[in-house]
C-alpha cells in the first residue's frame, strides 16, 4: 500500500530499460559484430515494427482489457494492402481503406466486449478469426501483390534519412512514442483511460462513458495493428496472411515486461518501448548464439518469466484489502 | 438448497450452450446420420475428447478468479504427447498403461505446480506466467520431437475408439469427488471474491495453487486423449487447442472473471464447438468459409450467453 | 451553471405501491435523509442524482428534468457516492488525478492538460477542505480514509454544483475529519448551495440539517423540522411508531 505511483511504474520501466542495455552489453561481449552498425540498425527496425504493433495492446491493457485480434488485423492489413495495390489502386487510397476497415473492426471489438460485458479475450479472438477467414476466402489462401517502393524504403534496414543512418521508420516511431506518451499523460482521453482501467465501477460517476472509451480504444488498437501490417509488407516485400502471428504473444509480453498490469490502470508506453527492446534483444541474442528456433522459444519463455518475476510481481491479496 | 435447485442452478449458467447443444445434435443427426449412429459413438467421442479434455483442464484456474487462466494447456498436451510416444514408448520401449498414465499425470502435475508457483507464490500475472510456460513447453516439445512420429501403444489407441468415454468419465468422477470436499467451496469463494474469502480465513494462495495443479493434471489427461486420437506424436497439434479450449469454457457459461460455472458447462461448450465443426464440415465448404462461420458463431454464441444471463439476472 | 437553484421533486414514487413524495429543496438548505437500511432513502437520493429511474413522478431543476446522471451533472448536481473503494477512488491514480477526473476540460490549455492549472485548482480545494496529502502526485491510496473522502468531495465541488447530494459522507471517517466536513457543509449552505445528506447516524443529521425526511417502506414516513428535530422523534419515525 505504501508504494507510490512513481516507485511502482517508473521503477518497472527503468528496470526494463536497464535489462535491455545489459542484454546489449552481453551480446557485444559474446558475439562478434553484435554492436556493428548494421546489426544495431536491424535491431532498431525490428523493434520499431513491434513497437507500432504494441501501441494498441498498451492502451487496451491500461483499460483493463486485452486484444488478441492484433495478429489477425496485421495479417489482414498486410494482405489487403498488397492485393489492392497489386490490382493497380492508388496506395494512399489503399491505406485509407485498410485503416477505416481496421478501425471499424476494432470498434466492434470494444463495443461488444464492454457493451455486453463479455470478456475481450473471447470477443477479439472470435472477431480475429472471422477477419482471417475472410481474408483467406478473398485471396484463396494465396495473396499476391507487393508494397510500393516508398514503403519498402521507409522500413528498409539499409535505408537512411538525411544524416541519420537509419530508415525513416525509426525516427518516426520515436516521434510516435512521444505522441502516444503525450496523449496518455496530457489529454482527457488519456486520463480517463487510466481512471477507467483503475476502477470501472467509479468511472461512470466521474462522467466517463465506458462503452465509448472501449470502442475508441479498441479501434485505435486495430488501427495501429493495421499500420504495422502495412509496414511489414514493406519489410518482407510480399504479402503473407500469417505475418502477424508472432505478434500475438510478443505484444502482450512487451507490455507486461514494460511494467503494465493486466488488471488495468497501470503502465505507460515508454514501458512498452522498454519491453519491446528487451524482447528484440533477447531474440537477436539467442539467434546470434546459434540457438535453434525451438530452443530459442523455450529460452524466451524462461526469460520472460524471470524478468517479470524480478519486477512485475503483483500484490498479495492481503495487501489489497 | 435442494438437489433439484442446485441442478437447475448449474444448468442455468450454461443455458444457451445447452440449447445450442440440442440444436447442433439435431442438425448433425439430420445431415449425417451414419456418423452419429450409436455404433460410431466410440470413435466420435474419441474425436471430440481432446477438445473436451482441454476445456475441462482450462476450467479450474479460470474458476479460481483474479485473471486466473492457463494458456499452457495446449502446449502441455503436446508435451505429454511427445514424451509418451517419443521417450517412453519408442526410446524406452515402455508400453504399459501402468507406467505411461502415471508418468503423464506426474508431468501434468509438475507443470501445473510450476504454473501455480509462478502465478500464486511469485505472483506473476497468470496470462504472462503461463505464456512463459507456453513458450518453454512448445520449445521443449520441438526439441524432443522435431517432426511427427508414430505409432502409439494399442491400448492407448483404443481410448480413441471403443473405450473413448472412459477417460472423460474418470475426469467427471474426479470432479464429482472434488465437489464433495470443502475445497470446492473454497475455490468458488476465492473465485468470486478473493478479498472476502481471505478475510474469512480461506487460504487463497493454496486454493489457487491447487487449481493450477488440477489444471495441469487434467491437461495431461487431455494430452493422453490427443495421443490416443492421432495414434502418434506430433509437436504442432497441442498448442492449437489453447485458445479454442478457453473459448469453449466461456461458451459453457464459465465466467472468465472466476467463481461462476463448472466443468459440466465447460464440457458442453467444448461439445458445442466440436459439433459446430462437424456441421460446417458436413456442408463441405472451404476451410476459409469454415473459419469465418466458426468465428461468427463463437461471437454470436458468447453474445447470446451474455444476453441470456442478463435476462435471467433481471428476472431473478 | 446555475449558482442557486431549487430542486423540485413532484409526485415521486420510488417503488411501485409507495405513496408519492413532493418536495422542494431550496438554495442554502441542508436536508437530511434518514431511515433503516433499505427503506428507500438511498434509492431516493440516487433518483435525485439521475442514477436510478423512479416508478413515477419527476425531478427537475429550474424546469430541466433529471433523467440521467449526465443531465443531473449538467443541471448543477454533484453526487458523492457511499462506497469509496468500489465507486469512488481510482486506486492506481494520483491524488491530483482523482481530484480532476470529472472536470478535465477546465485544465486544458491549447488542447493539452496543464499540470500547473490542475495544481492551482487542487490547491484551492486542499485549503478549503484542509486535505492532508504531503505529495499530491502520489497514489490516492497513500492517504487516510478521511483524506480520500475529502479528495472525493473536492472532486464533486470542482463541478461547482448548485446542489450537492451526499451519500453517507462520513462513513469510515475519523471524528476530527468529520467536524471539518461538517464545517465545510455548513459553509457551502451559507454560500447558497443546497445539500441533501443521507446518513446512517442520526446525531449527524440532527447536528447538520434544517429538516429531515425519514423513510420507511419506500416512502417518506415523516418530515421533521424545528423543535421536533430530536433523536427520539426520528427513531420513532424510522421504526413506524408514534413519538
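Please read every residue number as a count from 1 along the shown chain.
For all residues, glycine too, the Cβ spot is worked out from N, Cα and C.
TrEMBL: automatically predicted annotations, no manual curation.
Taken from TrEMBL as is:
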TRANSMEM  A:12-32  transmembrane segment
TRANSMEM  A:38-61  transmembrane segment
TRANSMEM  A:68-85  transmembrane segment
TRANSMEM  A:91-111  transmembrane segment
TRANSMEM  A:118-138  transmembrane segment
TRANSMEM  A:164-185  transmembrane segment
TRANSMEM  A:216-235  transmembrane segment
TRANSMEM  A:247-264  transmembrane segment
TRANSMEM  A:269-289  transmembrane segment
TRANSMEM  A:295-312  transmembrane segment
Contact between the transmembrane segment (A:216-235) and the transmembrane segment (A:269-289) is defined here as three or more C-beta pairs under 8 Å separated by at least 6 residues; is that satisfied? no
Hey, which of A:12-32, A:91-111, A:164-185, A:295-312 has the most Cβ-Cβ pairs under 8 Å against the transmembrane segment (A:216-235)? A:91-111
Among A:38-61, A:68-85, A:247-264, point out the range having the most Cβ pairs under 8 angstroms from the transmembrane segment (A:118-138). A:68-85
Can you name the far-off residues of the same chain, 6+ from the ends of the transmembrane segment (A:295-312), with a Cβ under 8 Å from a Cβ of it? 11-12, 15-16, 19, 253, 256-257, 259, 278-279, 282-283, 286-287
Look over the recorded stretches A:38-61, A:68-85, A:164-185, A:247-264 and say which has the most C-beta pairs under 8 A to the transmembrane segment (A:12-32). A:247-264
With Cβ-Cβ distances below 8 Å as the criterion, list the same-chain residues six or more beyond the ends of the transmembrane segment (A:164-185) that contact it, or say none. 37, 41, 44-45, 48-49, 51-52, 55, 58-59, 62, 153-158, 193-194, 231, 268-270, 273
When you scan the chain for residues with a C-beta under 8 Å from the transmembrane segment (A:68-85), skipping those not six or more beyond its ends, what do you find? 53, 56-57, 91, 94-95, 97-98, 101-102, 105-106, 109, 120-121, 124-125, 127-129, 131-132, 134-135, 138-139, 143-148, 221-222, 225-230, 232-233, 238-248, 251
